[in-house]
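Asker: I'd like to ask you about the structure that follows.
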Amino acid sequence: MTINEKTKTLLKWAKVIFVGLVIWFLTKYFTKNYDELMSLDFQIRWSAFFLSMLFFFIYKITLASLWHYITVLNNTQISYVKAITAYLYSILGKYIPGKVFMLGARLVYYDSEGAKMRKVTICFLIENILTLLGATLLFIFSLFFFPNDILSQYQYTTWLLIILFFICIHPKILNFFLGLIEKVTKKTDLEISMTYVQMVKLVMLFVANWLVVGLGFYLLVCSIYPLPISVALYASGIFALAAIIGILSLFSPSGLGVREGIIVLGLSVIMPPEYAIIVSIVSRLWSTIPELALIGMAFIYSQLANHIDKKTKRETET
């Protein structure tokens, strides 16, 4: 067996173990919450539920496209279809603690296309920063629609946070910290090559995408408990905040448990707590089902592409 064949065999086994771990984490979560969910009295309005899921599909495909756009701006791109496939495969990494598997899944694809691994890693870092910043900006903006007078005294603080937000995304500031990392790791070529205008544009695109999934989340809530449209932005902000905390919870697979807790706390302000608990549990299914469907589509595409490539090579050789 050659080194190349050994590497392929190891990668196949790694994928099997990887998928097994994901299934184990998800099964553990859903079995833990199944009894609690079944004990609660509620009905789902399926038309609103499936419409909300469509919003989540759009959100995920747009995220994958934004990832590709970031690599284009940093001269690390591969073909759009392969970039989307790599991104969708990497979603599995969300369900393993540590988040490194998300990066690892993309590195395998980009390495096979000859892309520089450090550049891909920087793009991954930028994507995560923009994801967090986009969600943060949406959450901060949603505070103006907080259904309570308590926060009215903090409006100036909120505007200050927004201004600070736009200062922090300047490439010179980000490159300063990347320069410190270069000194510690003794690695070069970690600089972000994007302009400030491009960064602001990307942030706005991420905010818009967060708004899409936020409105989807609002529809999900309405499929379980009717809420007025006036709280739609607040519900979107709560989902964004829950996602932020979930992302920062490095050792919680896909923020399992952490995200749900934030959703319950936030929604309990505008609906009965028992319904907020139902929404928090159902929201995990709401996001997991489309993600697994997209991963399945990426798998089928990659298998078909590999089959066509092998067939083409055989025909060329003959």
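Backbone N, Cα and C define each Cβ position, glycine as well.
Remember, TrEMBL labels are computer predictions, not curated facts.
Below are the features I grabbed from TrEMBL:
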type	residues	note
TRANSMEM	12-31	transmembrane segment
TRANSMEM	43-67	transmembrane segment
TRANSMEM	121-146	transmembrane segment
TRANSMEM	158-181	transmembrane segment
TRANSMEM	202-226	transmembrane segment
TRANSMEM	232-251	transmembrane segment
TRANSMEM	263-282	transmembrane segment
TRANSMEM	288-305	transmembrane segment
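In terms of burial and nearby residues, how do these features look in this structure?
Answerer: Within its own chain, the transmembrane segment (43-67) has Cβ neighbours under 8 Å at 80, 83-84, 87-88, 91, 123, 127, 130-131, 202, 205-206, 209, 212-213, 215-220, 222-224, 282, 286-287, 289-291, 294, counting only residues six or more beyond its boundaries.
Only residues 6 or more beyond the boundaries of the transmembrane segment (158-181), in the same chain, are considered here, and those with a CB under 8 A from a CB of the stretch are 122, 129, 133, 136-137, 140-141, 143-144, 151, 187, 190-192, 194-196, 199-200, 203.
Tertiary proximity for the transmembrane segment (288-305) is limited to same-chain residues at least six positions away from its ends with a CB under 8 Å from its CB atoms, namely 26, 53, 56-57, 60-61, 81, 84-85, 88-89, 91-92, 94.
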Asker: Considering only Cβ pairs under 8 Å, which range in 121-146, 202-226, 232-251 makes the most contacts with the transmembrane segment (263-282)?
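Answerer: Result: 202-226.
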Asker: Sort out the residues at least 6 away from either end of the transmembrane segment (202-226), same chain, that have Cβ-Cβ distances under 8 Å to it, and list them.
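Answerer: Answer is 42-49, 51-56, 58-59, 62-63, 66, 69-70, 73, 130-131, 133-135, 137-138, 169, 194, 232-233, 235-237, 239-240, 267, 271-272, 275, 278-279, 282-283, 286.
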